[in-house]
Amino acid sequence: MTEGFGETVLRLADITVRFGPVTANEGVSLELRRGEVVALLGENGAGKTTLMNVLFGLYAADEGSVELFGQSLPPGNPRAALEAGVGMVHQHFTLAENLTVLDNIALGTRSLWSPVSGTRALRARVRALAEEYGLRVDPDATVANLTVGQRQRVEILKALVRDARILILDEPTAVLTPQESLDLFATLRRAVANGLSILFISHKLHEVEAVSDRVVVLRHGRVVAEAATAQTSRAEMARLMVGADIAAPAPRPARPGPVRVALRDVTTPARGTATGLRGVSMELRAGQVTGLVGVSGNGQTALAGLIAGLERPERGTLEIDGKTPAVWTPRTAVRAGIGRIPEDRHGEGTVGDFDLTENAMMELYSRWPFSRAGWIDRTSARAWAQKIIKRYDVRCPGPEAPIRLLSGGNMQKLILGRVMETAPDVILANQPVRGLDIGALTYVHEQLLAARDRGAAILLISEDLDEVIALSDVIHVLSEGRLSPGFERGTMTPTELGAWMTGAGFEDAA
Amino acid sequence: MSELFDILLSASFWAAAIRIASPLIFAAMGELICERAGVLNLGIEGIMVVGAFAGWMAVYSGMGLWPGVAVALASGMAFGLLHATLTVPFGLSQHVVGLGITLLATSATYYAYRIALPQVNTPPKIDAFDPYAIPGLSDLPLVGEALFTQTPLTYAAFVTAALVAFVLFRTPLGLAIRACGENPAAVAAQGLPVTGLRMGAVIVGSGLMAVGGAFLTMSAFDSFFFEMVNGRGWICIALVVFGAWRPGKTLLGAVLFAAFDALQIRLQQTELGAVLPYQAFLAAPYILSILALVVMSRRAQVPAALMVPFRKGER
């Protein structure tokens with residue numbers, strides 16, 4: 001199955017990992033050969049990340065063994081994995097943002113007790129590797145000022161500087177623009193040509209198809225299939241990954257209604273590292289999903305804040321149902337019929353230590369029947385929470401349980417229910433499916449489309465281009481605070497949208 | 001007004017400022033190391049009291065001056081070990097632990113003092129550090145007297161600041177310490193010991209704080225009083241913020257604060273002293289410090305993981 005590649009560099013044998021009663025990996029075996037790209041495919045919670053953490057020595061396996069270049073690896077020791085030549089690019093980057101690129105790369109390359117840092121030699125080496133692998137990045141830049149794509153390059157350089165022979169990439173394209181993804185694939189091809197081996201973790205099937213030589217599918221912690229990429233298909237991989245045929249929601253054609261929210265040439269100030277909006281005009285119509293894509297940090301926070309009532313225009317006007325509100329705060333936004341699914345469900349969407357009842361009535365507590373003559377009516381509140389729990393299938397111990405005990409998907413279902421049950425005219429859905437598995441994700445998407453068909457105006461903000469393309473009737477791209485024109489469904493390819501995301505579309509249009 | 005210029009141009013004024021700055025430099029460098037590693041050490045005030053007592057007591061019981069400094073250092077490190085154990089591996093609230101250490105250290109000192117000197121009303125004096133004029137340099141006009149006719153412990157304070165700056169910014173160890181204060185997960189991902197680095201930083205930092213305290217009893221004065229630390233620890237915490245967590249700027253801040261302090265003492269003796277109540281002069285350095293802090297620290301880069309405990313495997 002793996003002819004044409006070199007010797008086996010990595011062998012995982014019968015790995016089993018348990019966290020208390022939960023089995024994350026069960027009897028997983030995997031081989032990687034020199035010069036080979038193996039894709040590890042699976043849903044959220046399938047055990048991909050756990051397996052990689054075992055390989056990297058962050059977790060110790062309960063059973064089974066890891067063999068690198070024919071040597072068995074002592075468990076639970078990241079240092080040993082590093083020294084054996086394993087480089088890992090985590091999904092959440094492990095960079096210190098206030099330090100420079102060079103400092104981040106230098107960390108751990110020399111003995112702590114070495115009297116000198118050896119930065120000069122390292123800088124030259126970083127430049128040479130960056131040149132060789134097409135990883136453009138300024139070694140003296142502060143990481144906080146880099147884009148997500150550049151940060152990923154720093155992570156890969158970190159591995160290359162340490163003479164990694166095996167690269168593990170955990171969902172590397174989740175946060176990249178299509179162009180950045182293509183650059184990454186080019187880098188990976190050069191690495192493979194130099195004899196490195198790559199384990200590529202993803203759930204994006206077209207990428208797996210594009211870069212990998214072999215696919216290993218994990219489901220519920222077990223290997224359910226293994227095949228040469230050339231001998232399988234996307235549909236086959238999707239079926240193996242989920243364990244059943246899945247149908248993405250197929251939206252009916254939209255019937256756009258009146259304009260609910262309009263921005264006219266709106267500019268907002270930059271806040272800290274968050275970009276403000278620069279002369280943005282857009283309309284959110286009833287019965288229509290307006291999608292917004294862009295690399296994070298290009299003004300999404302400002303736009304979402306504007307519609308949620310957290311931000312006011314510095315210049316330009318915001319109109320709700322044709323009128324400019326005199327006062328614009330989160331409270332007036334809720335009163336105006338704007339339902340909000342915030343980006344950060346732990347930080348802004350919920351209060352972790354409050355129970356489900358309190359979280360369910362958080363935006364409504366001051367209204368009848370939850371507030372009667374200034375007193376909270378727990379009975380009505382609990383009934384409301386129970387209704388949401390039942391109708392939106394929130395798996396929880398009960399309405400009195402603190403919400404932090406819930407999984408991300410169930411927490412999001414509660415937020416979704418809380419918004420949907422008030423039948424809002426406008427729904428602000430900011431990264432509504434981030435971190436959710438395919439079941440919860442499909443459910444959230446179906447609910448949003450149902451709300452659209454009922455006549456709600458929906459603004460969908462996401463970094464996932466595929467998600468936005470699938471759901472939106474009109475797509476805008478945000479880049480450095482500027483907004484592209486609205487593109488109708490089906491008129492733009494991901495690559496064309498990607499050009500707008502990098503700002504190129506704006507220059508061509510200008 | 002001319003009196004003000006006379007004061008500012010006198011060598012004795014600057015000599016006093018440098019002397020007053022010395023304990024602040026030691027303690028602020030200690031705090032800076034702790035905070036760079038991600039641990040706020042509010043035990044500083046109490047640790048300075050311990051250091052002041054331990055160094056003085058060691059000399060009083062017959063040890064030499066430098067061994068006395070070593071005893072102070074060790075006493076601070078012991079309390080640092082306690083602080084580090086509670087805040088780093090146990091991950092307890094750094095505010096509560098720090099204030100607890102300050103209370104414990106102050107009371108323990110009082111207790112030790114009473115045990116050691118049960119019958120004494122006036123604390124005994126020791127032979128403190130004498131000023132040492134550095135040959136050549138001390139003959140320079142103005143700066144000779146201001147900078148180079150100080151006690152060896154003052155010279156040590158400046159050397160310490162330079163050493164801290166070098167280690168933090170020029171060695172792999174310093175990089176690892178700073179990374180612990182920015183993103184400990186990045187340090188752990190390199191297989192480096194976050195817990196060990198943070199504990200080490202807190203222990204060494206606490207040792208320096210204690211030496212700062214010892215400066216008061218062994219160099220600035222020659223005896224021990226309970227009120228002598230008098231909020232200097234808290235000032236050092238502000239100085240670290242003022243210096244934007246950089247050793248050079250922090251040292252500058254310490255000298256600036258000390259200069260204000262030296263100035264107010266002298267201004268009290270001018271005709272201004274007859275007009276304004278003396279409390280206004282005493283408050284002046286603090287008010288000026290707050291103003292300077294407001295101006296200077298607006299763009300300061302706080303260590304991102306300051307006060308964030310690190311537990312392996314958690315995000």
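One is the number of the first residue shown, and numbering goes on along the chain from there.
Backbone N, Cα and C define each Cβ position, glycine as well.
TrEMBL does not curate its annotations; it predicts them automatically.
The model shown is predicted, which means the values in this text are computed figures rather than measured ones.
TrEMBL lists transmembrane segment for one of the ranges B:199-218, B:219-238, namely B:199-218. Contact between the transmembrane segment (B:12-32) and the transmembrane segment (B:152-169) holds: at least three of their C-beta pairs are under 8 Å, each pair 6 or more apart in sequence.
Remote same-chain residues near the transmembrane segment (B:96-113) are listed as 40-47, 49-50, 53, 57, 79, 82-83, 86-87, 224, 226, 233 (criterion: CB distance under 8 Å, separation of at least six residues from the stretch ends). Taking every recorded stretch in B:39-59, B:65-84, B:199-218 and counting its Cβ pairs under 8 Å to the transmembrane segment (B:152-169), the highest total belongs to B:199-218. Using a Cβ-Cβ cut-off under 8 Å and counting only residues 6 or more beyond its ends in the same chain, the transmembrane segment (B:199-218) has close neighbours at 22-34, 36-37, 39, 41, 43-44, 47-56, 59, 65, 68-69, 72-77, 79-81, 83-85, 87-89, 126, 128-129, 153-154, 156-157, 160, 177, 180, 224, 228-229, 232-233, 236.
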